[in-house]
Amino acid sequence: MADVIQMHFTTADYVIFALLLVASAGIGLFYAFSGGRQRTTQEFLMADRSMSCLPVSLSLLATFQSAVAILGAPSEVYTYGTQYWFLGCSYFLGLLIPAHVFIPVFYRLRLSSAYEYLELRFNKTVRICGTVTFIFQMVIYMGVVLYAPALALNAVTGFDLWGAVLAMGSVCTLYTALGGLKAVIWTDVFQTVVMFAGQLAVIVVGASQAGGMAEVWRIAVNGSRISALDLNPDPLERHTFWTLGVGGVFLMLALYGVNQAQVQRYLSSRTEKQAIMSCYVVFPCQQIVLCLGCLMGLVMYARYGEDSPLTKGYVQSNDQMVLYFVMDVFRDLPGLPGLFVACLFSGALSTISSAFNSLATVTMEDLIKPHFPNMTESKATFLSKGLALVYGLVCLAMAYVASRMGSVLQAAFSIFGMIGGPLLGLFCLGMFFPCANSTGAVVGLVAGLVMAFWIGIGSFVMRVSGQSGLPPLNNTAFVNMSSSIIPVLENSTAAPRPVGLEAFYSLSYMWYSAHNSTTVVLVGLVVSLLTGPMKEKDLRPGTVFPVLGTLLFFLPQRYKEKLCCVTPLASEPRAMDTKPYQTGQRVGVFSSEEEEESDGQEKETKTLPPSCQILPPCDQETSL
């Protein structure tokens, strides 16, 4: 059996893997020594707000498609079938809402950090709470994303574990610290192409060895791996259309709506229209990625059937099974295993570099600049590069911690997803409810986090102890930036429906984000009403999205004004002041010359409550 398990890289595989690292580092060095040479924080952190739609959209996709997702999706489909594909139904609203709600608000406020919005809407305390929560979330996630694929590669091929970790961590830190966001985005584009190529190669070769896609499909149908539409409304069911297609919307919103790594890419776009278009371009790309993951799982099933490498003891966990399959399929094709490993580590590099850059941005913009308002541009840029470097070292340290955690890796995966929902709830509370105040925001966030950790950790402990009717957590999880955990588990016999606290802990992980964000909103509203709701005149223009104006489009204008659901400035694109926001300024208010030119229209606008105003579309190029 040993000769079956033991698989090794050839020289060609090592060369292809090395070329990935060299190319990624080369892109970073190119942007470090070309253009503006990363001499300003706007260029280093925001890519000079000059990016076009295509690279931004591919970067958004690469950030979402982490290495553990590449390993986990095929294993999920192999074990449970194609029910997971219905997650694609959530992509539509999960991208449409950010495109037409979150992006306009963030872009027109000309932010650098998503959490700057929280200060504009509430106060500095809420901003710091949001920032610290995000940093905690990403620091934990970085080490796991770096370590998990390296561990799987080491277990299957004998590839040096810490050699892979150090190579990835060092290269990623290098091009992120030197080349800034522009380098991160363009390396994401390159790495996306590598990811598509690696997955396609596995599917094409694996399907041909199985007798073609028609034969793969036939075997999958006979093995009950082609799932029908499951309309069971039970929230305790792990995967149904409702958990994936509806609960998944909240997971997508937590990622594409308010996550700094994604928001930063929107804000780097040349115009608001380009930022919105990037969301639309991501939609078909995500569907392709989802289909590739499902097809790879079906090809795996066609090769192994019910007799998986895991049940035979060739591998120790499901995430290693995908790599075993790749090495098995490509054993007589030198170079192709290296291509898939390059695909796998491209996912890790894109996710980690996005984390480095977003962490450097929020630390600089939210925690340092407010205390040093007179810091020179050169010093701020140097400090931003230093922060990216420091977070790179923290990532390597977290990878070491992850290596010592063993089964607690499950908890680390859970922690990342459990924090996404409460942060989504915090932004929704501020953006959709004018009455919400800062006290309600802080208490709501804390309540959401407490609820998230209660359910997540309680579910984890019960599964580990085997006290629930749920399958035991004995394998590594599949995680992406938007979800809490997607456990890839072995089939188990049907268990009676849980009751009491056990039912509470048995809530499908796909509802975590919806449940936790709703907790933040409800608690925040109740506390705001008890402590004195905010008044319209106290809200900054452009910080509240007039969602009622869209829903109640049929009402006469005078009733819309009373309900604060008018968007008087959004109908006609107008030039706006492009000076960066400074504390104490009114965001989105036109200059005096502009006010004189449109005196009549401006007078009408001033009679409306400030929170009703959403800033004009920014379709011209910015000049920050």
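A Cβ is built for glycine as well, from the same backbone N, Cα and C atoms used for every other residue.
Per TrEMBL, region 'Disordered' is recorded for 576-624. If you look up TrEMBL, you'll see 14-33, 53-72, 128-149, 161-181, 193-220, 240-258, 279-302, 339-362, 382-402, 408-433, 440-462, 509-530 (among others) marked as transmembrane segment.
By the Cβ criterion (under 8 Å, sequence separation of 6 or more), the transmembrane segment (240-258) is not in contact with the transmembrane segment (14-33), since fewer than 3 such pairs are found. Counting Cβ pairs under 8 Å to the transmembrane segment (128-149), the top-ranked stretch among 53-72, 161-181, 279-302, 509-530 is 53-72. Long-range contacts of the transmembrane segment (53-72) within the same chain: residues 144-145, 148-149, 152, 184-186, 188-189, 191-192, 195, 199, 255-256, 261-262, 265-266, 268-269, 274-275, 277-279, 281-282, 285-286, 289, 293, 318-319, 322-323, 343-348, 350-351, 354, 476-482, 486, 488, each at least 6 residues beyond the stretch ends and with a Cβ under 8 Å from a Cβ of the stretch.
For the transmembrane segment (509-530), the residues of the chain that approach it from at least six positions outside its boundaries are 235, 238-239, 243-244, 246-251, 253-254, 417-418, 420-422, 424-426, 428-429, 433, 435-437, 439-441, 443-445, 447-449, 451-452, 455-456, 459, 482-487, judged by C-beta separation under 8 angstroms.
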